[in-house]
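A quick write-up on the structure given underneath.
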Amino acid sequence: MLSSKWIATVASIWIQCTCGGSYAFGIYSSVLKSSQSYDQATLDTVSVFKDIGANVGVLSGLLYSAVAVHRRRRRDNHQASSVSSLLSFGGPWVVHVAGAIQCFAGYFLMWLSVTGVIDRPAVPLMCLFMFIAAQAQTFFNTANVVTAVQNFPDYAGTIVGIMKGFLGLSGAVLIQVYDAFFEGHPRIFILMLALLPTFISLLLMCLVRIDERDTQGNKKQLNRFSTVALLVAAYLMIVIILENTFTFPLWARITTLILLLLLLASPLRIATNALKDESEISSQGLVSSERSPLLSGNGSQQSERWSSAAGDPKERHAADEDTPMLQDEEDLNVVQAMGTGNFWLLFIAMACGMGSGLATINNISQIGESLGYTTVEINTLVSSWSIWNFLGRFGAGYVSDILLHRNGWARPLLMVITLATMTIGHVIIASGFAGNLYVGSVIVGVCYGSQWSLMPTITSELFGVGHMGTIFNTIAIASPVGSYLLSVRVIGYIYDKEASGKSNSCSGTHCFMLSFLIIGCVTLFGSLVASALFFRTKMFYKLVVLRRLNLSARR
């Protein structure tokens with residue numbers, strides 16, 4: 001029971017809900033600045049290392065491949081060696097341990113610094129503390145996302161959307177805990193970030209396992225997990241709006257937290273029902289022990305897949321023609337993947353999409369100030385961003401699965417659509433009309449979140465899951481790269497040109513208009529790059545991915 005994919009999903013969701021400390025930087029940034037006597041430029045430098053740590057997760061991917069995927073292959077091949085014997089004790093839990101160590105070390109050292117327990121560290125050392133703390137997030141995320149894709153290969157978009165969605169909500173969840181118990185004490189919040197995610201991950205890490213059985217009813221249960229995710233997001237949205245409008249007494253804050261925890265506990269009920277249904281089906285002999293062939297990386301299963309075309313000469317001819325494509329694109333390591341055009345098309349598209357979205361949220365407060373928005377309105381915009389981000393992460397994964405299963409649409413097509421829509425959002429922000437930030441932030445937030453579920457899912461389909469963690473974390477480097485270029489070299493440069501007076505501030509639509517028109521052009525270019533990826537992979541999806549899904553459906 002405890003080794004099932006359903007329990008693993010629940011454990012991953014709970015870990016995801018607590019590991020997004022980097023999204024709550026605004027809570028403790030002020031005390032970090034005052035206690036260390038930083039100016040704004042120095043604080044921004046520390047924040048950059050937070051973004052780098054939270055987005056550059058290549059090490060977590062390499063570790064996952066070493067202790068989880070390679071372990072499974074050695075076991076399947078019955079290789080007896082000292083190395084394989086050592087790694088036989090591996091699994092996703094090892095990645096969680098590495099993340100927990102970094103999470104505790106990074107935030108605990110920051111807490112010691114801001115409380116004065118240790119001497120004020122040099123700025124480079126504080127940047128290192130921040131990097132380590134944020135880097136932990138990539139280890140938790142990689143272990144949960146890649147394991148989930150291996151457990152639900154036929155609905156990779158949906159499960160990635162769920163995992164990435166809860167990660168996007170984790171900042172809001174952590175802030176609810178802070179508001180209930182530690183409001184007004186940001187120093188304690190830093191200690192909480194050191195202890196809570198570490199404790200939760202160590203408590204649940206052994207439950208996050210790769211379940212190799214291909215069971216019935218996956219879609220029905222995943223839809224129930226999706227419903228819970230939507231309910232949590234809707235609840236948090238209501239709470240955020242109310243908290244920015246009214247002052248909640250302590251009892252109200254505790255009550256809202258209790259209700260949130262009850263919602264977050266509901267996936268356990270879904271898992272127990274799924275196990276009950278699975279037990280009933282198993283008793284009827286309907287559970288298959290075989291895995292989906294595309295993602296297993298097993299040569300005999302590949303042969304089985306292609307043998308399904310043997311009865312039809314046309315299908316057999318198509319399969320034979322596509323065999324080189326499969327060999328080129330399936331189960332590549334990161335170096336092999338980087339040698340393909342698809343990798344770089346995906347990287348460039350993500351630099352445009354993720355980079356522009358991150359640049360938007362990093363500057364949304366300053367945009368609001370220049371357009372005359374009140375403090376309450378700006379706080380609402382910043383707080384609600386996590387909700388729009390969640391809707392994009394969850395919605396893109398779920399919708400892309402529907403379009404793939406029902407209509408046979410290659411997944412990169414949705415990336416084309418969301419990046420083109422993102423262009424509209426940036427143009428709306430540039431326009432400066434009354435209420436433009438409300439409309440623009442919703443569009444950009446949803447489309448930005450979409451990239452975070454589409455990119456890992458497309459990576460698993462084009463390059464296989466053998467090194468998925470390493471490859472998608474390498475592509476994720478595009479996010480801070482794009483953000484730096486657009487935030488510093490475009491938005492910051494143009495804002496300084498437009499600013500005037502001793503305060504070096506700017507008011508009016510002209511402050512950010514040119515910047516966001518340029519960013520709109522960047523995302524439009526990203527949409528064109530994604531179009532090239534779509535046309536390059538369209539036949540691959542038709543001959544390989546859809547064939548695998550049809551074969552799985554007939555079992």
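Yeah, the Cβs are placed from backbone N, Cα and C, and that goes for glycine too.
Quick look at what TrEMBL lists:
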DOMAIN    5-66  domain 'Nodulin-like'
TRANSMEM  48-69  transmembrane segment
TRANSMEM  90-110  transmembrane segment
DOMAIN    91-271  domain 'Nodulin-like'
TRANSMEM  122-143  transmembrane segment
TRANSMEM  155-176  transmembrane segment
TRANSMEM  188-210  transmembrane segment
TRANSMEM  222-242  transmembrane segment
TRANSMEM  248-266  transmembrane segment
REGION    286-325  region 'Disordered'
COMPBIAS  286-306  compositional bias 'Polar residues'
DOMAIN    338-543  domain 'NFD4 C-terminal'
TRANSMEM  343-365  transmembrane segment
TRANSMEM  413-431  transmembrane segment
TRANSMEM  437-458  transmembrane segment
TRANSMEM  470-492  transmembrane segment
TRANSMEM  512-535  transmembrane segment
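Taking residue pairs at least 6 apart in sequence, the transmembrane segment (155-176) and the transmembrane segment (343-365) share fewer than three C-beta contacts under 8 angstroms.
Residues 48, 51-52, 55-58, 60-62, 64-65, 138, 142, 332-334, 337-338, 343, 346-348, 350-356, 358-359, 362-363, 455-456, 459-460, 463, 512, 515, 518-519, 522 of the same chain, all 6+ positions outside the transmembrane segment (470-492), place their C-beta atoms under 8 angstroms from a C-beta of that stretch.
Residues 9, 13, 152, 155, 158-159, 161-162, 165-166, 169, 172-173, 176, 248, 256, 259-260, 263-264, 266-267, 270, 380, 383-384, 386-387, 390-391, 394, 398 of the same chain, all 6+ positions outside the transmembrane segment (222-242), place their C-beta atoms under 8 angstroms from a C-beta of that stretch. Sorting the domain 'Nodulin-like' (5-66) by DSSP state (H, G, I as helix; E, B as strand; all else coil) yields 52 helix, 0 strand, 10 coil. When Cβ distances are compared across the two stretches, the transmembrane segment (48-69) makes no contact with the transmembrane segment (155-176), since fewer than 3 pairs at least 6 residues apart fall below 8 angstroms. Segment contact is absent for the transmembrane segment (248-266) and the transmembrane segment (90-110), given fewer than three CB pairs below 8 angstroms at sequence separation of 6 or more.
Beyond the transmembrane segment (188-210), the same-chain residues lying 6 or more positions past its ends with a Cβ under 8 Å from any Cβ of the stretch are 2-3, 7-8, 10-12, 14-15, 18-19, 21, 24, 27-28, 31, 68, 72, 91-93, 96-97, 99-100, 103-104, 106-108, 110-111, 114, 133, 136, 140, 143-144, 147, 150-151, 174, 177-178, 182. Here the transmembrane segment (155-176) has Cβ contacts under 8 Å with residues 9, 12-13, 16-24, 27, 137, 141, 144-145, 148-149, 192-193, 196, 218-219, 222, 225-226, 229, 232-233, 236, 239-240, 253, 256-257, 260, 264, 383, 386-387, 389-390, 393-401, 404, 411, 449, 452-454, 456-457, 460-461 of the same chain, all six or more residues outside its ends.
Within its own chain, the transmembrane segment (122-143) has Cβ neighbours under 8 Å at 12, 15-16, 19-22, 36, 38, 42, 45-47, 49-57, 59-61, 63-64, 68, 92-93, 95-96, 98-103, 105-107, 109-110, 113, 163-164, 167, 193, 197, 201, 205, 208, 469, 473, counting only residues six or more beyond its boundaries. The average pLDDT for the domain 'Nodulin-like' (5-66) in the predicted structure is 89.
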